[in-house]
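> Here it is, the structure in full.
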Amino acid sequence: MSMGGGSNHEFGQWLDQQLVPLATSSGSLMVELLHGNLDIWVKEAKHLPNMICYRNKLVGGISFSELGRRIRKVDGEKSSKFTSDPYVTVSISGAVIGRTFVISNSENPVWMQHFDVPVAHSAAEVHFVVKDNDPIGSKIIGVVGIPTKQLCSGNRIEGLFPILNSSGKPCRKGAMLSLSIQYTPMERMRLYQKGVGSGVECVGVPGTYFPLRKGGRVTLYQDAHVDDGTLPSVHLDGGIQYRHGKCWEDMADAIRRARRLIYITGWSVFHPVRLVRRNNDPTEGTLGELLKVKSQEGVRVLVLVWDDPTSMSFPGFSTKGLMNTSDEETRRFFKHSSVQVLLCPRYGGKGHSFIKKSEVETIYTHHQKTMIVDAEAAQNRRKIVAFVGGLDLCNGRFDTPKHSLFGTLKTLHKDDFHNPNFVTTEDVGPREPWHDLHSKIDGPAAYDVLANFEERWMASKPRGIGKGRTSFDDSLLRINRIPDIMGLSEASSANDNDPESWHVQVFRSIDSTSVKGFPKDPEEATGRNLLCGKNILIDMSIHAAYVKAIRSAQHFIYIENQYFLGSSFNWDSNKDLGANNLIPMEIALKIANKIRARENFAAYIVIPMWPEGAPTSKPIQRILYWQHKTMQMMYQTIYKALLEVGLDGQLEPQDFLNFFCLGNREVGTREVPDGTVNVYNCPRKPPQPNAAQVQALKSRRFMIYVHSKGMVVDDEFVLIGSANINQRSLEGTRDTEIAMGGYQPHHSWAKKGSRPRGQIFGYRMSLWAEHLGFLEQEFEEPENMECVRRVRQLSELNWGQYAAEEVTEMSGHLLKYPVQVDKTGKVSSLPGCETFPDLGGKIIGSFLTLQENLTI
C-alpha cells in the first residue's frame, strides 16, 4: 500500500486538475451549484482490468512494463508488479477534491477511505476516476459519474457502480466501484451558523493536524514598527485602549531574553538587518551579531532558510540567485560560529517523475516565517513563545505606517534600500514601502509552531558539495528532558475566565517531503486529517481555515493579501487552469446568500497595485490576468444574486465587494535645472537614469507593497500567516506555509450578543486608521452600506490624488483598485488609465504563454 499515484501528464495536472476524456452518461445532464460539503466513502473496486497487459508495447526494444520495472529498481522500490496498482481520484468541475491511497498489485482493491470535502462548484456530475499508478505515467482505467441533480435531493447515494471506459462501456466485465456520497448544503450545516468565534465551546476548525488550543495570549502587529502616537487611539471594551505593537523590537527583545533556544524559519533571513532602529543608533546590533552573541551564551540557535537553487557558493565563485534571498551570504556569515544555519531545498516527492521533481525544486519554495524562543514564565521556569506572520527577517521589510518613499533613505532605511520594480538606488529612490502583518503567540499553540519547526528540521537535508558533511540530527533540544521548560500541558497563559484570553489554532500548507513525523500508514494519516497526494501526505489546513471562517462570517470580511486569485473552475474561460482554491468563490457565494436573505454584508480586499517586479513583464502580466478573471467571476456572481431578488436597479456589486491597493506620494524637490536630482538638499547625478526612474522622481509617487497575508472576520476572528491567496500557497504540495487563527471567546458576537470590541476590533480599526489616515464612527460597522460607500468614496479620492499630474502630499494611502466595475459586475480597464502610472503594464493583465504553475 502506498500514498497517492504517479505522474499523469496525459489526463490532467498534478494535484488539482482531473480532465475526464470520456462520457459517463448518454444524455445531457443539468448543471447544479453544490455549495456545502460532500461526505464521500470510496470503499472498494471489483474485477479491475490488468493494465500491464495494455502496456506491453515496445519502445526502443523495451516494453512499458519492463521500463517501469527498471524505474522502480532505480528508485529502490520492489519491482514485482503483476497487475494494476489502482487508486481513485474524486473530481468536480475538473478540480480534484479527494484521492485515495494506492493499493499495489490488486484487481480487487479495498480502500474504505472517507472524505469530508467542502465544495462550491457548478457541475453536472461528480467523477470517481479509477487509475493505475505507474512511474512512467498513471493511466485512467475508467470512470463513475454521479449526477449532481441526484445529490441535490440530500439523500445518500451508495452502491456498486459500473466503471466505464472511453467508449462509455464497462472497462471490464463485472468491473465495479463501491462508493457512497451525500451532499449537505450550507444552509443545513450548523457549524457555519453561529459565527467564527462562537463562544467558549467553539472547537475551531475541525479536521486539521493541530487542534484548537485554549488559554493563550496573542499580540497582533501591523508593519515591522509603529511609533508611539502616530496612529489614532482605539478604545476597546472594558475601558482598555488598543496598544500598537512594535514587531521587530519585540522580536529583538525576545532574542535577548532567550536562555535555551532560538529557532528561526524564513524564505529569506539576512544577517545585516537591524531589528531596532531608533535615530539610526549604531549601537543597536544587527540580527547576525545578536544571534552570535546568544549562541556564545549557550543558547541553541537554529536557522532554517529556503535554499534558492539559483544561488551558489563555491571557493572563488558565488551567485546571488534570481530571488535575491541572500541565503548563501547568511550561511557564510555564520559558518564558523555556533549558530547552525541549514539551507533547505524544496524537494519533490519520492516516486514523482523527473519533470515533477524538477518543477517542485525549481519553482516552489519554503515560505514559512516563524521565530520560536523560550521566555520567562512563573516560578522561575521557561515557556515557549512563537512569532508567526508575513515578515521575513531580511532587507526591505522594515517600515512604519507612514510608508515613506524618499524621506527615510538616509535614516531608517540607510543600508536597507529595496525596490526591485525598476532600476534605482538609495541615493535617488523611491524605495518600495512595505506593508505586512505579523503575530506573537504566548500559550499552548506556540508549542505547535515549535513542533512544525522540529518536523521540518528533521526532514531537511542540505544540497550541494560539502553541505552534507555535518549531521543536523542532534541539533534540536529535547524540550521534554529540560525540567525548567514548561510542557504543552502546563503552557496555558490565561484561563477561560480571563476576558483577555485567546483560543488559537495553527494551520499549515505542507506535505510529507518537507516534514518528518507524518504517519507512514495512509489509513493512520487519514486519522491525523492528512490528505493523500501522489506518493505524499498533505496538510492543507490553511485552506480549510479560510473556508471555515468565510462560511461562518455573518457581517463582514476584511482581507489583506499579496495575491488574490483562485476558483478558476468557475471562471468564464480557462476553467481548467488548476487555480482551484475555494476562497474567491466562497466570498462571492457568502455575499450572494446575504443578498438573498436581504442582510447587510461586505467584503473589503486589499492587494498590491501589482505583484512585485516590472509590471510589464510576462509573469506579472499573467498573474494580473488571472486576478482579473477572479474579480470578474466574483462580481458576476454577486450581480446574479441582485438580479434574482430584483435589487439590480437599486444596488450594485460594489455595494458589497471592493478591491483596494495602497500608494503614497511625497512632496519634494523633483528636478533641478542642471539635470541633477536633489535628494536631502544634496544634488547627485543619478546613475544611468531610466525612463521609469525619471518618471517616478517626477511624479513623487509609488505603490506601498502589500505583503500581508491576513483576514479579519466580524471583528471576532483573525488569521495571519505566510500564505498568499493563490494555489502555490494553499495547495499544500507547492510552497510550504504556516498561519495562526485566533479569537477571544469573551469578545465574540455569540458571547456578547452585540458587536465585539476586543483586540481584533482594535487591530482592524488600527489598520484602517493607517490606510485612511483617520477614523470615523462609520468604520466601526463595516457591513453597513454607509461604511462601504464611504470607504469606497475615500479610496476613489485618494486614487485621484495619486494619479493626478499635480504632486500633493497624501494623508491617506488606501486607493480604489484602478479598474472599472459596472452595475452588471463587468470588470474592465479604468477609462484613461489602462496601464499603471509611471511604470506601465496593463492593469487587467495580458494572457501570455508561460508555465502555468509559476503564476497561479
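Cβ atoms here come from the backbone N, Cα and C positions, even for glycine.
Below, the features straight out of Swiss-Prot:
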- HIS367: active site (ACT_SITE)
- LYS369: active site (ACT_SITE)
- ASP374: active site (ACT_SITE)
- HIS707: active site (ACT_SITE)
- LYS709: active site (ACT_SITE)
- ASP714: active site (ACT_SITE)
- ASP223, HIS403, HIS435, GLU770: Ca(2+) binding site (BINDING)
- HIS367, GLN562, HIS707: 1,2-diacyl-sn-glycero-3-phosphate binding site (BINDING)
- 21-161: domain 'C2' (DOMAIN)
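Buried or exposed, and what's around them? Tell me for each listed feature.
Around HIS367 (active site), taking its Cβ as the centre, 26 other Cβ atoms fall within 10 Å, counting all chains.
When secondary structure is read from DSSP and collapsed to three states, LYS369 (active site) falls in the coil class.
Applying an 8 A CB threshold to same-chain residues 6+ apart, the list for ASP374 (active site) reads ALA258, ARG259, ARG260, LEU261, ARG382, LYS383, ILE384, VAL385, ILE485.
Secondary structure from DSSP puts HIS707 (active site) in coil.
In the shown protein chains, 26 other C-beta atoms lie within 10 A of the C-beta of ASP714 (active site). Mapped onto three states, the DSSP output places ASP714 (active site) in coil.
Long-range C-beta contacts of ASP223 (Ca(2+) binding site), restricted to its own chain and to partners at least six residues apart, with a cutoff below 8 Å, comprise CYS247, ASP399, THR400, PRO401, TRP434, HIS435, ASP436, GLU770. In the three-state DSSP assignment, the secondary structure recorded for ASP223 (Ca(2+) binding site) is coil.
The domain 'C2' (21-161) scores a mean pLDDT of 83 in the predicted structure.
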> For the 1,2-diacyl-sn-glycero-3-phosphate site (HIS367, GLN562, HIS707), what does the 8 A shell look like? I mean other same-chain residues with CB within 8 A of the CB centroid.
GLY390, TYR563, SER708, LYS709, SER722, ASN724
> For HIS403 (Ca(2+) binding site), which of the recorded positions HIS367, GLN562, HIS707, ASP714 has the nearest Cα in space?
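Minimum Cα distance from HIS403 (Ca(2+) binding site) across HIS367, GLN562, HIS707, ASP714 lands on HIS707.
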> What does DSSP assign HIS403 (Ca(2+) binding site), in three states?
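SS state of HIS403 (Ca(2+) binding site) = coil.
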> So if I measure Cβ to Cβ from LYS369 (active site) and keep only same-chain residues at least 6 apart in sequence, which ones fall under 8 Å?
THR265, GLY266, TRP267, VAL388, GLY389, GLY390, LEU391, ASP392, LEU393, HIS438, SER722, ILE738
> Other than ASP223, HIS403, HIS435, GLU770, which residues of the chain come within 8 Å of the Ca(2+) site, judged by Cβ distance to the Cβ centroid of those residues?
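Going along the sequence, the neighbours appear as GLN222, ASP399, THR400, PRO401, LYS402, PRO433, TRP434, ASP436, LEU662, ILE704, HIS771, HIS813.
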> What's the CA-CA gap between ASP714 (active site) and GLN562 (1,2-diacyl-sn-glycero-3-phosphate binding site) in angstrom, rounded?
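GLN562 (1,2-diacyl-sn-glycero-3-phosphate binding site) has its Cα 21 Å from the Cα of ASP714 (active site).
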> Within 10 Å of its Cβ, which one of these recorded positions (HIS403, GLN562, HIS707, LYS709, GLU770) has the largest number of other Cβ atoms?
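Answer by Cβ density within 10 Å: LYS709.
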